[in-house]
Amino acid sequence: MERIVLLLAIVSLVKSDQICIGYHANKSTKQVDTIMEKNVTVTHAQDILERTHNGKLCSLNGVKPLILRDCSVAGWLLGNPMCDEFLNVPEWSYIVEKDNPINSLCYPGDFNDYEELKHLLSSTNHFEKIQIIPRSSWSNHDASSGVSSACPYIGRSSFFRNVVWLIKKDNAYPTIKRSYNNTNQEDLLILWGIHHPNDAAEQTKLYQNPTTYVSVGTSTLNQRSIPEIATRPKVNGQSGRMEFFWTILKPNDAINFESNGNFIAPEYAYKIVKKGDSAIMKSGLAYGNCDTKCQTPVGAINSSMPFHNIHPHTIGECPKYVKSDRLVLATGLRNVPQRKKRGLFGAIAGFIEGGWQGMVDGWYGYHHSNEQGSGYAADKESTQKAIDGITNKVNSIIDKMNTQFKAVGKEFNNLERRVENLNKKMEDGFLDVWTYNVELLVLMENERTLDFHDSNVKNLYDKVRLQLKDNARELGNGCFEFYHKCDNECMESVRNGTYDYPQYSEEARLNREEISGVKLESMGVYQILSIYSTVASSLALAIMIAGLSFWMCSNGSLQCRICI
């Protein structure tokens, strides 16, 4: 009994100093996904997917877009009378066309290689319209009667502003031979056309000659078109059709026209004065009097995030498009606040069960307790190394994904619908693969980040363990219990790696041996007490059984026979 009292006295007098390794925790509810887990709560995370836009068409880096309103590109370039506001346009950053603009080819017909022309506009920022063949120069032909009710203007018949529909004059249509030399330093976009009458009567009525042609030639073009006379249903009140063509005339090159009828001659051409990144966007939005660096058909994006899921077609300095709904990068640690029922310390790195909300100036650090008090201290060196390692994470992901598939909206005419459908399938396939790669990379980076933090905590723990050696014992929860007194100066030496093991080793050895001796003696006492307790319990049980038997025999409840 005296030894038990001695043990209790020693335990009550000795309150060991402790130092613990831990990590930061906060009230964050941000969650990330990793390869192995979903919805992992972390202290810090960065959303890298932009989901919002302003719903407006904006200027791009200070340059307004060319919004064609109810006009198509064809209506603008040919000069549909309902598109007069676009006869002369300033520099544009991109072109906006509605899905089905009502003011296109007012006189029914077709525009050859229309999609290629639109592709050309995707690398053009400014046209300068110049006159190449004046209307007044057609003295042998009627250059004013070529109008149609299909192209009305102020209630009267009119025609495309930038070309001239030549009709016979005085019942004659002399063969046309005209040339134009491009003496400009810029390329020229030139447009012309041919009229396909409804019947032979219309052919001779307009052009006198029953058999006609239109020939056009440059150093790279050799084209001869013949009118196709056929009965057709009326469109916009017209049974005839018009077919338009275009070419790019290089500087110092010449274009030659020859025709004896059905010729729609160019009056104006477009000098391509500025080339650059542009686009034709399909959108019904209006101009929002705003400026942006990134524009989509559904609105402008103003974001520094590396990815977006708003629309695959963009122009400008834009985040990369993915089909994902969520991309969040872990930049902090697993957020596991300490549990009060487990005490202060408790497992990141496999042995610490909770983070410290009290440590706010670092990701990893220490908590100590001694006679002078207790407190937290962040490990600035390991925290800074971790911050440096994670700061460039977003740029790293972008660098790894530098082969993004750029979705380009291509348009195809009715004869190329199969190609269009194939293009869309290929584009969707590329975007699916691109999105999968981004999502996988984010999952892997998140796994790597959390493992990185775990490793840093474990390294900090090992740093302390290697310093203290047998001067302290590991408690198994990230803490060490000193076998010697460790004041604040001693604690600081452990934290900064200058702990003097020999200085404290003798005191630690004596305390360690004393505690071990008390434990051994107490084990002997416990063994004696256990034997005594067992014997006493057995004797008491035997006396109870004997007494019960004697009582039952005396009242006849139990018969006892003794045989000799």
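Here the Cβ of each residue, glycine as well, is placed from N, Cα and C on the backbone.
Straight from Swiss-Prot, the features:
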SIGNAL    1-16  signal peptide
TOPO_DOM  17-527  topological domain 'Extracellular'
CARBOHYD  Asn26  N-linked glycosylation site
CARBOHYD  Asn39  N-linked glycosylation site
DISULFID  Cys58-Cys290  disulfide bond
DISULFID  Cys71-Cys83  disulfide bond
DISULFID  Cys106-Cys151  disulfide bond
CARBOHYD  Asn181  N-linked glycosylation site
DISULFID  Cys294-Cys318  disulfide bond
CARBOHYD  Asn302  N-linked glycosylation site
DISULFID  Cys486-Cys490  disulfide bond
CARBOHYD  Asn496  N-linked glycosylation site
TRANSMEM  528-548  transmembrane segment
TOPO_DOM  549-564  topological domain 'Cytoplasmic'
LIPID     Cys553  S-palmitoyl cysteine
LIPID     Cys560  S-palmitoyl cysteine
LIPID     Cys563  S-palmitoyl cysteine
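Feature map: Swiss-Prot annotations on the structure.
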{"residue": "Asn26", "record": "N-linked glycosylation site", "contacts (Cβ under 8 Å, 6+ apart)": "Thr43, Asn335, Pro337, Gln357"}
{"residue": "Cys58", "record": "disulfide bond", "contacts (Cβ under 8 Å, 6+ apart)": "Pro65, Tyr287, Gly288, Cys290, Asp291, Thr292, Gln295, Ala300"}
{"residue": "Cys71", "record": "disulfide bond", "contacts (Cβ under 8 Å, 6+ apart)": "Asn80, Met82, Cys83, Phe86, Glu97, Pro101, Asn103, Ser104"}
{"residue": "Cys106", "record": "disulfide bond", "contacts (Cβ under 8 Å, 6+ apart)": "Gly75, Asn80, Pro81, Met82, Ser148, Ala150, Cys151, Phe160, Asn236"}
{"residue": "Asn181", "record": "N-linked glycosylation site", "contacts (Cβ under 8 Å, 6+ apart)": "Asn252, Asp253, Ala254"}
{"residue": "Cys294", "record": "disulfide bond", "contacts (Cβ under 8 Å, 6+ apart)": "Ala300, Ile301, Asn302, Ser303, Thr314, Ile315, Gly316, Glu317, Cys318, Pro319"}
{"residue": "Cys490", "record": "disulfide bond", "contacts (Cβ under 8 Å, 6+ apart)": "Tyr499, Tyr504"}
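Note: the Cα of Asn496 (N-linked glycosylation site) and the Cα of Cys486 (disulfide bond) are spaced 14 Å from each other. For Asn39 (N-linked glycosylation site), applying a Cβ distance below 8 Å and a minimum sequence separation of six or more within one chain yields Gln31, Val32, Asp33. In the three-state DSSP reading, Cys58 (disulfide bond) counts as strand. In the three-state DSSP classification, Cys83 (disulfide bond) falls within a helix. Look at the disulfide-bonded residues Cys83, Cys151, Cys290, Cys318, Cys486 and count other Cβ atoms within 10 Å of each Cβ; Cys290 has the fewest.
According to DSSP, Cys294 (disulfide bond) sits within a strand segment.
With a 10 A radius on its CB, Asn302 (N-linked glycosylation site) counts 15 other CB atoms from all the protein chains. There are 11 other Cβ atoms within 10 Å of the Cβ belonging to Asn496 (N-linked glycosylation site). Looking just at the topological domain 'Extracellular' (17-527), the mean pLDDT is 88. In this structure, Cys318 (disulfide bond) belongs to neither helix nor strand by DSSP; it is coil.
Secondary structure from DSSP puts Cys106 (disulfide bond) in coil.
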